[in-house]
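Over in TrEMBL, the protein carries these features:
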BINDING   B:D168, B:L169, B:T170, B:R195, B:Q211, B:D215, B:R331, B:Y335, B:Y336  L-histidine binding site
DOMAIN    B:99-421  domain 'Aminoacyl-transfer RNA synthetases class-II family profile'
Number of protein chains: 2
Amino acid sequence: MVLRLRLYSALYPSWGPICLFPRSFASCSGNPASCCTMPQLGLLHGRAWAVLFGQLRRPPGAVCIRAVHSHSQVAEAALATQLKPHQEKSNFIIKTPKGTRDLSPEQMVVREKILDMVVSCFKRHGAKGLDTPAFELKEMLTEKYGEDSGLVYDLKDQGGELLSLRYDLTVPFARYLAMNKVKKMKRYHVGKVWRRESPTIAQGRYREFCQCDFDIAGQFDPMIPDAECLKIMCEILSGLQLGDFLIKMSWKDVRHEMVAKKGLAAEVADRIWDYVQCHGGVSLVQQMFQDPRLSQNKQALEGLGDLKLLFEYLTLFGIAEKISFDLSLARGLDYYTGVIYEAVLLQTPAHAEEEPRNVGSVAAGGRYDGLVGMFDPKGHNVPCVGLSIGVERIFSIVEQRMKTFGEKIRTTETQVFVATPQKNFLQERLKLIAELWDAGIKAELMYKNNPKLLTQLHYCENTGIPLVVIIGEQELKEGVIKLRSVANREEVAITRENLVAEIQKRLSES
Amino acid sequence: MVLRLRLYSALYPSWGPICLFPRSFASCSGNPASCCTMPQLGLLHGRAWAVLFGQLRRPPGAVCIRAVHSHSQVAEAALATQLKPHQEKSNFIIKTPKGTRDLSPEQMVVREKILDMVVSCFKRHGAKGLDTPAFELKEMLTEKYGEDSGLVYDLKDQGGELLSLRYDLTVPFARYLAMNKVKKMKRYHVGKVWRRESPTIAQGRYREFCQCDFDIAGQFDPMIPDAECLKIMCEILSGLQLGDFLIKMSWKDVRHEMVAKKGLAAEVADRIWDYVQCHGGVSLVQQMFQDPRLSQNKQALEGLGDLKLLFEYLTLFGIAEKISFDLSLARGLDYYTGVIYEAVLLQTPAHAEEEPRNVGSVAAGGRYDGLVGMFDPKGHNVPCVGLSIGVERIFSIVEQRMKTFGEKIRTTETQVFVATPQKNFLQERLKLIAELWDAGIKAELMYKNNPKLLTQLHYCENTGIPLVVIIGEQELKEGVIKLRSVANREEVAITRENLVAEIQKRLSES
C-alpha cells in the first residue's frame, strides 16, 4: 500500500494549514472538506494546525483527528516512521488513459486546419451538420461490428440504462435516421469515437480518435451518390496536399455484387479479374467491353452494368484514374452491403530529405443499405453510402512534415500587444486594451503592474504578434499612441481616435 | 422475452438471403457473420436459403443450422408458431440515452453560430486551444467534486485502467498543467462533459452537455487576470444579444477572503455587507471608502484592497456596473479557492410578445489556486482563474427566440444548384458540377437520371439556394449555361468559360 503526506490550506475561516495522512492515496486527494464531516472539522476551529490520518474513504466517520496544533510534531514523527510519507511520491503517475492523448496548442492548430478543410469540402457538397451523443444505449451497438464488438467501451452499470461509447459515427447516424423516420439526408459529422484497440495487434493506434464522416441516405438512381463520395475523398486528399494517393476498391465485393446480385457466372467474374488486376479505372472498363467474351455475353454486360456506370461518372468527375481494385481488401465492419473502398497514400515522399512513410489507409467508405432497417421496428430500410476520413493519420503526417521543415506554428491569433515603457501605466494599458477588444481586435498585455519594455517586445517576437501599441508618459501628454511593427521595428505616432482604424487598415493589408 | 424475425442478405459469394430467428433480439441483429462461425456457414455454400435459429449469443457453438433451401418453409412455419416472431415489434424503442439528445441540422446551425462567437472572443483575448480525452483515469477525478462526485460516469472495468468520463474541463486542464509542468498558460477548450444528473433534482438538465472554458494559469499581479475573465463574460453575453444580464459575486467568498486571508475583523466585514447589499459595483466601493468607520480602519483598508483593485480594473474595462454581490451564491465545486461569480440573465423579455424566461446561470467562474497542486507529486501549485460558458442554456434561449419569430434557418451553405429541363442530361450535369466543386463553389444536384425542372427549382426555393445553373439541349448547342437567380427568377445566358467567374462575382455581391 502506498502512503503519502500532503499539506493543504483549509478552506474554512480562521484555519491554518492541515496535514493529511490518507492510508490509500487514491481515496483522498487531501481536500479536508471531502475527508471529514463539517462537525468534525468544527472541533478544530481556531487551531492553527491539524493532523488527520486513518482510513479516509467515506463514510467520513472513519476519519480520525488525532493531534491539533502543539501535538503536530509528535504525530508527524510517529506517522513518518510508520507510513513513510515522503518517499514513494514518484509512484504517483499523472497521465492520460492508455491510447489517449492531450492535444497541445500547436497540435490543435494543425488539427483545426485539417478539420476546416475537410468540413468545407463536406459543405461544398451540400451536407448538413448533425451531432449525436458520445454514448448510445448498449443494445443499439450490439451485433453491428462483428469481430470488433469486443472493442466497444461499455459504461459501468450505475443504475438505469446500460450504455456504450460510440464506436463510429455510422451506427449513430443510422439510429438517428430510423428514430426520426428520415428517408433522405446528406449529412456530415465530425466527432470523437472510442475503440478499445489492443496495443499488441494495433501498435500506435489510438483508443480515442476523431472521425470525419459524410453520408448520403436515400433511394436514388444508381451510383450517383457513390460517385460523389469518391469525388469527395479525392478533393480532400488533394486539398490536404498529402502527396499522391489511390482509392482501392475491394474486388471481393465487386465480384460478389456481380455474381450474387446480378447473377453473373463465377467463371465470367473471374475472367474480369484478369482485367482489373491491371491498375487503371475507366480505360480498364472500356477494355473489358472490347473483349468479345464479355461484350457478347448478355449476363456479363448486366453484371458489369453498375461498375460501368460508376466509372462513367468517375470519368466525368475527372477521378477515374485514381481508382483501382484490390484483392486483399475486405470489409472490416459487418454493416457494409456493397463495394467498399479505401484511400491509401502512395509511398513516394514528396521531398528527397523526407523519410518514406507507411501510413496505410487514410479514408474509407462504402454502401450500407441494411443498417437503418436494423433499427426500424418494421425493418424499413434506407439505402446509405458514405465515407470516413481518418484525420488522426493525416494529422500525424502533416505534423511530421511540419517538424521536418521546422515550420513554426502560431498558437494564438493575437494581432496587437499593448505595451508600456514606464512604471505605473497599468491603468492606461487596461483602458486601451478594452478599446481594442471592443473594436474586435485581438489583443494581449502582460499581467504585471510594471513589466519591462524589452520583455514585452520579446514576447511579441516569440509569439508572432505583428503589432505593438505603446503608451507612456510622452504619448499620454501628446494624446497619441505609438504603433510599432514587430517585423521591421518601425514606430509611428497615431492619435488615439485614429488608432483602431489604422490597426484595422494594417491588419487588412497584411 | 421478445422474439423477432428478420431477413438479411448473406454477405458471402454465391449465397442467397438467410432467415434468422434469434431467441433474444438484443443478442443478435440478424447478421450471420456474427452468429455463426465460418465453418458452419461453409456447410451452406451454394444453397439459396437457410434458416438459422436457437440461442444466438456467443459462443457460436450454440447456433443451430436446421433447414436449407427446400426445407425452409417447414422450418419457418414451425418457428412462427413457437416464437411469435412478428408481434412484439413495437416494444423495440429507438432512443438516445436518458439526458442526452441528437442535434438536428437546424440546431447545429444555431449551436455553431454561438460557439463561433464564443471562441472568437476567447481568441480575441489571446487564448490557445487545448484538447483532452473524453475520459480520465478515475483517480484523477476522485475527490475533486465533493458532493457531486456521485454524478461522475464511470466506465465499466473491461480490464486495464479504471476510467471515468470527464465531469468538467477544469480538472483535465489542471491535470494537463501538472503533467506537463506548465507554469503559465491562457487556454480555451470547447468540449462535451458528462454528469449523471438525477432528473428529480434537476428537471430539464442534460447529462451530456457542451462547455466553453477560458482559463488563465500562472502567478501574476493580483486581480488583472480575474478582471479579464469578467470582461470576457460580459463581451460574450453582450455579443450574443441575450438581453440584459448581471454578474453576481459570492459574498460568502468575498467575506472569507477579507476575514480569513487578510485578517479583517468579522464585525467590519459584516459592516461592509451593509454596503454591498445595494447593487452597484464601483460606486459602491467608493462609498465604502468614504465611510470613516472603514476608511480610517487600517485593517479594513487592507482587507478591502483586492476588492478595490478588482473594481478599479472593471471600471477601466467599462463593466463595473454589471457586477453585484449575492449572499446566496456558494461554490458548487470543491476546487474553487477564491471569489466565485455567476452570470444571470435578467428576466425582462426583449420583446412584448415573448414569454419571460427563467434560465438561471449562463456562465460561471472563479479562482482555483489549489487544484494543480493536487496533481503535482510535490504539491507545487499554479494559481488559476477561469470561466465557463453554459452554452446549452444560451442555446435553448436562442432556439426559443428563433421559434418565436419564425426565423427560417438554412442548414446547408449550397450556393448553386445544377439543373436541367431535359431528360438524359445527367452526364452534362455531372461534368458541370465537378467544374463548380473544383472551383470551390458549393453546389448540389439531384441524384436522379431525369428529374423534373419544377422539382429542381422548388428544391432551391425550399432550401434557400440563391443561384441555379441550367443546362439543356439549347444551351449545349449554343455553348452557354443559363444562370438563374432564385429570388427574382431572372435568367441570363453565360458562356461556359465565364460561368465560374460570373458565379463568384454574384456571390461576392450578395
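Glycine too: its Cβ is placed from the backbone N, Cα and C atoms.
Projection of TrEMBL feature records onto the structure.
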{"residue": "B:D168", "record": "L-histidine binding site", "contacts (Cβ under 8 Å, 6+ apart)": "B:V193, B:Q211, B:D213, B:L333, B:S388"}
{"residue": "B:T170", "record": "L-histidine binding site", "contacts (Cβ under 8 Å, 6+ apart)": "B:D213, B:D215, B:L333, B:Y335, B:Y368, B:L371, B:G386, B:S388"}
{"residue": "B:Y336", "record": "L-histidine binding site", "contacts (Cβ under 8 Å, 6+ apart)": "B:D253, B:G366, B:R367, B:Y368"}
Mapped DSSP class for B:T170 (L-histidine binding site), helix or strand or coil: helix
Other C-beta atoms that fall within 10 angstroms of the C-beta of B:Q211 (L-histidine binding site): 18
